[in-house]
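Copied over from Swiss-Prot, here are the features:
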type	residues	note
BINDING	35, 43, 48, 88, 123, 289, 330	FAD binding site
């Protein structure tokens with residue numbers, strides 16, 4: 001069990017957490033970063049690394065994985081210490097005013113400031129209730145697309161009617177041997193332009209729409225999927241030859257220990273002062289999707305601005321009484337970590 005000391009602990013290594021490392025470094029606040037996943041990037045890396053993002057300033061389009069890589073490179077000069085595959089399970093105040101973060105792996109970190117950038121908390125897919133599902137998970141059933149090329153030449157069944165299902169059906173139609181989309185109703189819940197594109201592909205035969213049907217069963221052996229059985233609400237079934245099933249039924253999230261930290265929760269979000277990012281607890285701040293305040297916009301762009309705000313707030317508790325002389329990065333450059 002290792003004991004660490006630093007200026008600030010950042011909870012979450014997603015895009016906002018990574019940018020918080022950079023912003024803290026710019027104001028001479030050293031950071032340790034804790035994330036339950038095994039690498040940086042949060043949902044961008046774990047769920048849709050190859051999906052394009054369109055609302056990052058200066059990037060008409062950038063892949064999620066590329067954005068994570070650049071944010072990580074931007075934070076690197078400040079030499080943050082990462083703690084992957086663990087979470088902050090306990091948070092307590094020390095006699096000297098610092099916060100002690102107890103990690104689930106037994107380590108601990110003492111810091112003047114804690115910055116929570118945990119998004120929606122720990123997350124996982126909503127799994128379809130199918131007999132024998134477990135034997136195909138990781139071999140024929142996947143809940144995310146890491147690399148589109150993994151599906152080249154394969155028969156792919158996509159289940160769901162939201163943006164993820166529709167967007168991936170469109171994308172995978174370019175590489176898969178066949179794409180079938182199973183949805184329990186003819187109308188989809190995706191962006192209108194995406195739904196229109198999907199129907200165009202269906203008209204040309206590039207995608208097959210299997211509606212109104214829902215998942216009913218799986219066929220195969222030794223972890224190798226051979227078919228997906230679907231059924232109507234009336235019980236009529238049919239078998240779809242398939243190599244892969246991608247159920248896109250959304251995610252369930254859990255704040256875990258964060259919900260027990262008495263930080264002024266508001267519908268599973270942390271209420272903060274919009275001027276400082278401060279929570280109800282002194283020295284604890286929040287940024288990104290996990291925080292809320294009047295007029296909050298849940299955008300990565302907003303999270304970046306909040307990361308800058310909380311970094312400046314953290315400076316005041318890490319270096320009390322030390323005036324922060326603000327300079328634009330074009331003037332100051334990037335200090336060494």
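Placement of Cβ uses the backbone N, Cα and C atoms for every residue, glycine included.
Feature map: annotations from Swiss-Prot on the structure.
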{"residue": "35", "record": "FAD binding site", "CB count, 10 Å": "25"}
{"residue": "43", "record": "FAD binding site", "CB count, 10 Å": "19"}
{"residue": "48", "record": "FAD binding site", "CB count, 10 Å": "19"}
{"residue": "88", "record": "FAD binding site", "CB count, 10 Å": "27"}
{"residue": "289", "record": "FAD binding site", "CB count, 10 Å": "25"}
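Secondary structure from DSSP puts residue 88 (FAD binding site) in a beta strand. In this structure, residue 43 (FAD binding site) is part of a helix by DSSP. Reduced to three states, the DSSP call for residue 48 (FAD binding site) is coil. In three-state terms derived from DSSP, residue 35 (FAD binding site) belongs to an extended strand segment.
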